[in-house]
Amino acid sequence: MANCEFSPVSGDKPCCRLSRRAQLCLGVSILVLILVVVLAVVVPRWRQQWSGPGTTKRFPETVLARCVKYTEIHPEMRHVDCQSVWDAFKGAFISKHPCNITEEDYQPLMKLGTQTVPCNKILLWSRIKDLAHQFTQVQRDMFTLEDTLLGYLADDLTWCGEFNTSKINYQSCPDWRKDCSNNPVSVFWKTVSRRFAEAACDVVHVMLNGSRSKIFDKNSTFGSVEVHNLQPEKVQTLEAWVIHGGREDSRDLCQDPTIKELESIISKRNIQFSCKNIYRPDKFLQCVKNPEDSSCTSEI
């Protein structure tokens with residue numbers, strides 16, 4: 001310790017005592033050491049304590065594997081370089097603050113994943129993901145967002161990085177409600193949802209959950225992003241399929257106030273609107289598989 005010294009003590013029992021100056025230096029040194037330990041141990045842990053779950057395990061490997069599988073199944077996408085796709089995906093969030101992600105960060109990935117979906121073949125959905133995906137598994141020429149390359153890559157995954165490092169954060173990621181909305185996952189889905197809606201043309205279908213209190217929720221991705229990015233010069237009609245929760249529910253949910261709100265929004269954008277009750281979703285899927293079945297002529 002610089003400028004600190006030991007002082008002899010007079011008396012019958014000689015010993016070594018620290019001078020007041022030395023004691024002060026020692027105390028300051030101990031405090032500095034404690035502070036260093038706190039900064040090294042506590043601060044990194046504090047940075048990781050977001051409210052949401054951490055990045056999905058084996059995230060890089062999962063994205064790459066999904067890309068390879070998708071491009072093998074879809075011949076029109078075989079030109080895609082999956083390593084470049086992963087590099088662009090990673091570049092959108094690595095080393096960036098996980099609450100300060102922008103749509104621009106994802107633009108390189110968007111360009112690599114550009115994909116043309118035929119007119120009349122887009123199916124949007126809100127709060128009824130499983131049935132929408134069951135439908136497109138049967139009706140193979142219809143596409144939800146998750147049936148496109150970019151949607152397929154990220155479906156059900158979580159990811160974020162650590163600010164100013166090249167690390168992926170596997171401990172926790174921001175929750176869009178509790179922490180911030182400009183997080184890597186939320187911004188990704190907002191970006192791809194907007195592009196998906198902008199590309200839609202002719203008749204666009206949307207599947208809505210009739211068992212929810214708000215059948216159309218203007219705060220959902222469909223209500224806040226996709227509805228407002230349908231292009232009137234390309235889209236003729238938005239047709240809503242309202243899925244009923246049980247056979248005993250015979251109400252006309254197309255008259256629900258939230259559906260009327262949706263109709264008003266769409267009409268003001270110079271797009272036609274139609275609505276259909278799907279009273280029996282199980283029968284609905286059966287009739288998609290076998291449209292010639294005589295029972296499919298009745299209302300489902």
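Even glycines carry a Cβ here, placed using N, Cα and C.
Under the heading topological domain 'Cytoplasmic', Swiss-Prot lists 1-21.
Per Swiss-Prot, the feature transmembrane segment maps to 22-42; the stated evidence is sequence analysis.
The feature topological domain 'Extracellular' is assigned by Swiss-Prot to 43-300.
As annotated by Swiss-Prot, disulfide bond applies to CYS67-CYS82 (among others), with the evidence given as experimental evidence. Around CYS67 (disulfide bond), the same-chain residues six or more apart in sequence whose CB sits under 8 Å from its CB are VAL80, CYS82, VAL85, TRP86, LEU149, LEU153, listed in sequence order.
All protein chains included, CYS99 (disulfide bond) registers 15 other Cβ atoms within 10 Å of its own Cβ. Per Swiss-Prot, the feature disulfide bond maps to CYS99-CYS180 (among others).
The Cβ of ASN100 (N-linked glycosylation site) lies under 8 Å from the Cβ of ASN182, each of these being in the same chain and 6 or more residues away along the sequence. In this structure, ASN100 (N-linked glycosylation site) belongs to neither helix nor strand by DSSP; it is coil. Taken from Swiss-Prot, the feature N-linked glycosylation site covers ASN100 (among others).
Secondary structure from DSSP puts CYS160 (disulfide bond) in coil. The disulfide bond feature in Swiss-Prot is assigned to CYS160-CYS173 (among others); the stated evidence is experimental evidence.
A simple way to gauge crowding: the CB of ASN164 (N-linked glycosylation site) has 9 other CB atoms within 10 angstroms, across all the protein chains here. Per Swiss-Prot, N-linked glycosylation site is recorded for ASN164 (among others), and the stated evidence type is sequence analysis.
DSSP assigns ASN209 (N-linked glycosylation site) to a strand in the three-state reduction. Residues or ranges marked as N-linked glycosylation site in Swiss-Prot (evidence: experimental evidence): ASN209 (among others).
What Swiss-Prot records for ASN219 (among others) is N-linked glycosylation site, and it gives experimental evidence as the kind of evidence. DSSP classifies ASN219 (N-linked glycosylation site) as coil under the three-state reduction. Listed in sequence order, the same-chain residues six or more apart from ASN219 (N-linked glycosylation site) with CB atoms under 8 A from its CB number zero; the list is none.
The DSSP secondary structure for CYS275 (disulfide bond) is strand. Other C-beta atoms found within 10 angstroms of the C-beta of CYS275 (disulfide bond) number 20, with every protein chain shown included. Annotation source Swiss-Prot lists disulfide bond at CYS254-CYS275 (among others).
In the three-state DSSP classification, CYS296 (disulfide bond) falls within a helix. Contacts of CYS296 (disulfide bond) defined by a Cβ separation under 8 A and a same-chain sequence distance of 6+ are given as LYS283, GLN286, CYS287, ASN290, in order along the sequence. Residues annotated as disulfide bond in Swiss-Prot, with experimental evidence given as evidence: CYS287-CYS296 (among others).
Residue pair CYS254 (disulfide bond) / CYS160 (disulfide bond) shows a Cα separation of 40 Å.
Residue pair ASN164 (N-linked glycosylation site) / CYS275 (disulfide bond) shows a Cα separation of 49 Å.
Cβ neighbour count within 10 Å across all protein chains ranks CYS160 highest among the recorded positions CYS160, CYS173, CYS180, ASN209, CYS254. All protein chains included, CYS287 (disulfide bond) registers 18 other Cβ atoms within 10 Å of its own Cβ. Nearest Cα neighbour of CYS160 (disulfide bond) among the listed recorded positions (CYS99, CYS180, ASN209, CYS275): CYS99.
Spatially, by CA atoms, the recorded positions CYS173, ASN209, CYS275 include one closest to CYS180 (disulfide bond), and that is CYS173.
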